[in-house]
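Engineer: Let me begin by handing over the structure; questions about it come next.
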Amino acid sequence: MDGMKLSFPPESPPLSVIVALSLSASPVTIDSSAAATTVPSFVFSDGRKLNGATVLLRYVGRSAKKLPDFYGNNAFDSSQIDEWVDYASVFSSGSEFENACGRVDKYLESSTFLVGHSLSIADVAIWSALAGTGQRWESLRKSKKYQSLVRWFNSILDEYSEVLNKVLATYVKKGSGKPVAAPKSKDSQQAVKGDGQDKGKPEVDLPEAEIGKVKLRFAPEPSGYLHIGHAKAALLNKYFAERYQGEVIVRFDDTNPAKESNEFVDNLVKDIGTLGIKYEKVTYTSDYFPELMDMAEKLMREGKAYVDDTPREQMQKERMDGIDSKCRNHSVEENLKLWKEMIAGSERGLQCCVRGKFNMQDPNKAMRDPVYYRCNPMSHHRIGDKYKIYPTYDFACPFVDSLEGITHALRSSEYHDRNAQYFKVLEDMGLRQVQLYEFSRLNLVFTLLSKRKLLWFVQTGLVDGWDDPRFPTVQGIVRRGLKIEALIQFILEQGASKNLNLMEWDKLWSINKRIIDPVCPRHTAVVAERRVLFTLTDGPDEPFVRMIPKHKKFEGAGEKATTFTKSIWLEEADASAISVGEEVTLMDWGNAIVKEITKDEEGRVTALSGVLNLQGSVKTTKLKLTWLPDTNELVNLTLTEFDYLITKKKLEDDDEVADFVNPNTKKETLALGDSNMRNLKCGDVIQLERKGYFRCDVPFVKSSKPIVLFSIPDGRAAK
């Protein structure tokens, strides 16, 4: 494609062609100054031309070197792609728009991509057609009307966010209902919505936000692993940064050496990466300790802060009762003298703290002289023993936000009463104000999000660690089998809502099921205990192997080798449900008729005998049974199910977690699995037929060591 130029009129850019060129990193010069009556065209260096958006799109599909399957890898796929490329034009017809959405939505219920198993120009054509309608699609996208279509659209946007957001910002005018080329003047390039009053602003979202000027921060304290509540804050920052073409920085709020460690820092960075968050840089509040100390001293000199040696319990009581501290009117000299004692970490200094001088009678108790600095002689995980004093979150956070150029600080609504304090601190410091934007904290039933309480479970040995699959940490839920795509969709569906409802887990697991079910391989397992041998008297004298799909609707899952033998294993529960003379269906084989049932003295089934009836109709049988061949190639499995760690839907602040510990949170069942499961890798997600979805936690090592599979909830039960 070297030396090629894309030419089109400024009022009608071929969005699908531009997207395809951008995704495939194809070298091309863009000229958006063609006459209004012309069609998009490729002009080659030798003077040859191709005309028309669909022709150009197909050319990109065929010639994209970095995406070899962009136009399919066989004639059938390429023909299907042609169908979708032609169909994309329907979305530009106002009367047919929703009918088209409905058709594609239904098709995507069982497909990840429109054609084949990877992104193609079929996806590009439909995706661009939707994106190009602007506000009409955005409104539907926020609704729950076309969930499969929205999932597909969002997954493509998430996967190629940097490229696609750039294209959308340049060529899609929100609210206009059609693509337009970006205006050439610098000022007008910021006008995304298109009317003069809303220049630089997308749809109502962050207050006073301008395209390209938004700077956000995600500021976790390194005192634990990232959990699902933190993930909501992190992903909302990511979402707004992408929406406004801004940036996110990660800042570790490392102001409490008693709780923090490098282990937590390392794992937080790992988890942020798992969430797919791209950040400009990593900073630490401790980077600003010298400046924070200077600011505290400045406020004392200006009479806006003082040193207080009131005992902590008395100080809390005075704050509740609105009583001024006896130290409130200390002279500047006395405050600075005690401040030096605090810096030195002396015995006298350890009795003191620094407080802001606000209003002790303010109805909002957060405004009653908040603490700015405390002594803490413990070693800091990053800077060692350099400091004996540390700023509080309430003092350090607004200072560093302003200093780092943060335009909008996202905070959960639990901080609402401290918003006025945040603004007052910045006012007293004489620093630039920062916009605060609230969202509701994520509350889930039977779930602890307090790092202190989670740490208690770790320290008592009730869980295996911070990545325990019963934990709500990112590492824990991923280990349980949750796909990050599901978590992102779940959180963004809630948006920045301030609703504080207690949520069930089943919605999240239902989203996860929609993602894994269309693609995960199918395997077979039989519970080992009391399994029953079913002898087929006319079965094969010699075992034979047949290759069958691991997923009947998804070729990409591959094939598995299934062995057929004269005797097969059934689970006791299945064997006990069969009557003599009953015809049953053996899945992936055919029908069989049970002729004889053997039971022990307690009435338990111990053996079955019967004959094959492969011509029998599977529609007429009541029982469709999973089975395994009687061979020594089967693998040992440990199937692990989990329950909630606590027995109360929501713990109150004064509840002791030890009083509500669930004593039975883990159930292990030994089973046998088909031989193909030897190839499972840690993290693979599969479906065991008639049992559910599982994630491989420990893969096959040797015959004596079972493969460990973790059960993945599917949304039907809140587990």
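FYI, residue positions are counted from 1 along the chain as it appears here.
Cβ coordinates come from backbone N, Cα and C, glycine included.
Model, not experiment: these values are computed from the prediction.
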Engineer: Look up motif ''HIGH' region' in Swiss-Prot and report which of 132-142, 220-230, 550-560 it refers to.
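Structural biologist: Matching range for motif ''HIGH' region': 220-230.
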Engineer: Need one residue: from ARG382, ARG411, the one Swiss-Prot lists with ARG217, PHE218, ALA219, TYR393, ASP394, PHE395, ALA396, CYS397 for L-glutamate.
Structural biologist: ARG411
Engineer: In the motif ''KMSKS' region' (448-452), how many residues does DSSP assign to helix, to strand and to coil?
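Structural biologist: Breakdown, helix to coil: 2 helix, 0 strand, 3 coil.
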Engineer: Look up ALA219 (L-glutamate binding site) in the DSSP assignment and reduce it to helix, strand or coil.
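Structural biologist: DSSP call for ALA219 (L-glutamate binding site): coil, neither helix nor strand.
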Engineer: Fill in the CA-CA distance, ARG452 (ATP binding site) to ASP394 (L-glutamate binding site), as an integer in Å.
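Structural biologist: Computed Cα spacing between ARG452 (ATP binding site) and ASP394 (L-glutamate binding site) is 20 Å.
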Engineer: Say you check the Cα of LYS451 (ATP binding site) against those of the binding-site residues ARG217, ALA219, ALA396; which is nearest?
Structural biologist: ALA219
Engineer: Between GLU414 (ATP binding site) and ASP394 (L-glutamate binding site), what C-alpha distance do you get in Å?
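Structural biologist: Rounded to the nearest whole number, the Cα-Cα distance is 14 Å.
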Engineer: Between the Cα atoms of ALA219 (L-glutamate binding site) and HIS227 (ATP binding site), what distance do you get, rounded to the nearest Å?
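Structural biologist: Distance (Cα to Cα, whole Å): 13 Å.
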